[in-house]
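Peer 1: For reference, TrEMBL lists these features for the protein:
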DOMAIN    297-387  domain 'Histidine kinase'
TRANSMEM  37-54  transmembrane segment
TRANSMEM  61-77  transmembrane segment
TRANSMEM  83-104  transmembrane segment
TRANSMEM  111-130  transmembrane segment
TRANSMEM  136-153  transmembrane segment
Amino acid sequence: MVKYDRKKLVIPLFVWLLLLFLTTLYLYDNLYSPKNSIYLLETFVLLIVIIGIYRYRVKAGLTLKFVLLVSIFYLLICFLYQMAAIILIIGLFPLILADYYLFYKKKPTTIVVLTIILFGYTFLFLDFFFHLVNTLISVDAIILLTSILIYYSKLIRQLIEEREKNQLLNRQMNQAYHGLEKMVVARERNSFATLLHDTATQDLIAVSVQLESINGQIDELEINDLRKKISKVKNFADDSQRNLRKSIANLKLMTDKVKRNEEEILQPIISSFEQKYNLQIIYASSKQNLRLKAALEISKILTECLNNVVRHSKSEEVVVVSKIENDRYKLIVTDFGIGMQKNKLHQKVNLGLESIRNSVRDMGGISRISSSPGEGTSIIVELPKEVATNG
């Protein structure tokens, strides 16, 4: 569901309504020169009413109640202001028609009927007070403004939906990262539990049995024999301790070398972007096995690169290449979109690019971004081979 920033809508909308009423009031005064101030009160009341109606629109969203209220209000001001209503007609009617368009899917029949009624009424109203040429010009202006409002409404809605899709994708990716970490931690925990059971626990039982045997013979043994037996138990315990340390070291080494195939990790990310954003992504894998930390960070880097393509580049094609070159692991993401000015490449306002640089720097690597207007963007990430891969 698309969510609008309501606070940003309120001020410009209400300023626009205020300007419409002030200009209408000025025109009404010049056309009819009323001798009493009752029309001032009418204008003030109508302004409060329309602000209340649109306040409801901003707060509750598009509802049938709002559509009916604003339609009745529109007919009322046309009747009250007569020729002076031309300002409100041109300024307010496009807003109403744009909302009709947005509400059409919910109540299509109602919207069609209201549109015919209001448009027909508006045309007859203008034709009654103005020359046909002026009427047609006014109608053209209404249609033009309505088209512009509908276009920007659709554009803003699309941008909001894309932003929400990106946020959802990022949440899914973070869940995947945490899932991978938990899986590895669980595997390490199980391996360590097995190690304790197979080695340390058995050795401790053996030490306990030997000490119990010595305790049962302590009154019968000579001091030298007792020392020999205790020394034997101590040597056995020392050997067990050394073996346990060695096993733990081997376990850590084995865990670090668990195969995390790059293609198996990055391909789901690529497929997700292809499906959700209709991107055509060409992927050439290095076929390397990645270390755990590198696998997580490279996944985040690729996600951020593709997010950058979706948000800014307007490119439908992306090339992702990974390779080993000069003992360095390289990830290259290239698009063919609108590109960027060179002076904007290192601005910190681009949080996506800054995030990539920070991730690469934390792993002891370097990143380069090459771009120019109309020629696309290429992001190159280089990491030490020993940091990135198990190869």
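Using N, Cα and C of the backbone, Cβ positions are placed for all residues, glycine too.
A description of the local structural setting of each listed feature is requested, covering burial, neighbours and distances.
Peer 2: For the domain 'Histidine kinase' (297-387), the model gives a mean pLDDT of 84.
With a cut-off of 8 Å between Cβ atoms, the residues of this chain six or more beyond the transmembrane segment (61-77) that come close are 46, 49-50, 53-54, 85, 88, 92-93, 96, 99-100, 102-103, 106-107, 110-111, 114, 117-118, 121.
With a cut-off of 8 Å between Cβ atoms, the residues of this chain six or more beyond the transmembrane segment (83-104) that come close are 16-17, 19-21, 23-25, 27-28, 31-32, 50, 57, 62, 64, 66-67, 70-71, 74, 77, 111, 114-115, 118, 122, 125-126, 129-130, 138, 141-142, 145-146, 148-150, 153.
Remote same-chain partners of the transmembrane segment (136-153), defined as residues 6 or more beyond its termini with a Cβ less than 8 Å from a stretch Cβ, comprise 86, 89-90, 93-95, 97-98, 101-102, 122-123, 126, 130.
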Peer 1: Please count the residues of the domain 'Histidine kinase' (297-387) that DSSP assigns to helix (H, G, I), strand (E, B) and coil.
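Peer 2: Secondary-structure breakdown of the domain 'Histidine kinase' (297-387): 35 helix, 31 strand, 25 coil.
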